[in-house]
C-alpha cells in the first residue's frame, strides 16, 4: 500500500515538473545546460525587430464613430447600439442595429447572444417603439427605434418596412409588356407538351 502511494507521489511530481527535453544531434557535451524553447527565441526576435509598440511611445489612438479604434491593429472596443429592433426575428434589423452581435445557432433555437446587455429596465426595452402621442408612424410600419433622431440612415432603415423592401427588389415591368399574353418571354408554360420516357418507349 505504501509503495503505491510513493509511486503515485513520484508520478505527480514528475508530471508537474514537465517533460525532460531530448538532446539534439549537435548538443554533444552540453546535456546539462538548459535550453530556451525555439518559439521563445522567435518571439523575442520578432519583438526586437518591430521595436516598441505605438502605445508605449505615447501615441494614443482615438476611437472611431462607434467606439472602435480608427487606426491599425488596436483593440476594438464595443460599439454603441445604433437602434433597437422591435423583434429579434428580423435578422437584418438585428445585424444593422446591434453591431457587435454574435448569433449562436443551436438545433432547438437561434439565440442572439449579447442582446441582454441592454442598459435600462426591461420595461423600457419592451416599449422601445414610439409613444402613442408622437406624430411618427405606428409600430406596424416601423422596424426599429433609432438611438439618435439625427441619424438619417438609421431613420431611413427603420421606416423601410419588409413589404416595401420586397416591392423594391422586384423589377417593374414596362407598360408594353403588360398587354402581352403569357408566353416564353414572360416565363409561361412551354407551348409543346413534354413527353415522358414511357411515352417514348411506347412508340418504339
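Quick reminder: no glycine exception, Cβ is built from N, Cα and C everywhere.
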- Query: Can you check which of 99-113, 144-158 Swiss-Prot lists as region 'Endothelin-like'?
  - Reply: 144-158
- With DSSP as the reference, give the number of residues of the region 'Endothelin-like' (144-158) in helix, strand and coil. 7 helix, 3 strand, 5 coil
- Message: Cβ atoms within 10 Å, counted per site: which of 83, 85 has the most, among these disulfide-bonded residues?
- Response: 85
